[in-house]
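Asks: Can you read through this structure? Questions will come right after.
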Amino acid sequence: MQTIKCVVVGDGAVGKTCLLISYTTNKFPSEYVPTVFDNYAVTVMIGGEPYTLGLFDTAGQEDYDRLRPLSYPQTDVFLVCFSVVSPSSFENVKEKWVPEITHHCQKTPFLLVGTQIDLRDEQSTLEKLAKNKQKPITLEQGEKLAKELKAVKYVECSALTQKGLKNVFDEAILAALEPPEPTKKRKCKFL
């Protein structure tokens, strides 16, 4: 059975672990526990063939900047996550996360993933953002950044409601299985 390695990166507390737990167990975790490194595996059928989707969760906190890239070799696709209600996590996609993964894995495809879309219209969240003269990140802003950074696609989801959740992983699988351009190897390699 072929394995697809999918590594999830992004700032701390944007919902990476919730995304993975909600997708793999259909349950939303009740408490926040910062991740150091975790992985999950699910079997998916694609065109009648079984694949193992290996999901690697990483720590977004700066303390783990040197440890995190150890999970990058052999990655088939990255999910670069930000919270649609955290403009700083959106900024860090461009400032930190895409530069980091492209430094280590130049040719590996990645999706830009907007998380926590259930909070986009929540009154208390909007008020908190307004105090700092901020607004939630829009679908259009996500799509624009994805194009600018050459992501395969921009997708959004809520791990809480599961809206768009399956689509995130379907798109990740498609990105990993896309036939590579003949001259390029697309798996992440460390030299």
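Glycine is treated like the rest: Cβ placed from N, Cα and C.
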Asks: Checking feature assignment: motif 'Effector region' per Swiss-Prot, candidates 14-22, 32-40, 41-49. Which range matches?
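Replies: Among 14-22, 32-40, 41-49, the range Swiss-Prot annotates as motif 'Effector region' is 32-40.
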Asks: In the three-state scheme derived from DSSP, which category covers Cys188 (S-geranylgeranyl cysteine)?
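Replies: The residue in question, Cys188 (S-geranylgeranyl cysteine), is coil (DSSP, three-state).
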Asks: Fewest other CB within 10 angstroms, which one of the recorded positions Ala13, Ile117, Cys188?
Replies: Ala13
Asks: Can you tell which of the binding-site residues (Thr58, Gln61) has the fewest other C-beta atoms within 10 angstroms of its C-beta?
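Replies: Among the binding-site residues Thr58, Gln61, the sparsest Cβ neighbourhood within 10 Å belongs to Gln61.
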Asks: Over the motif 'Effector region' (32-40), what does the predicted model average in pLDDT?
Replies: 76
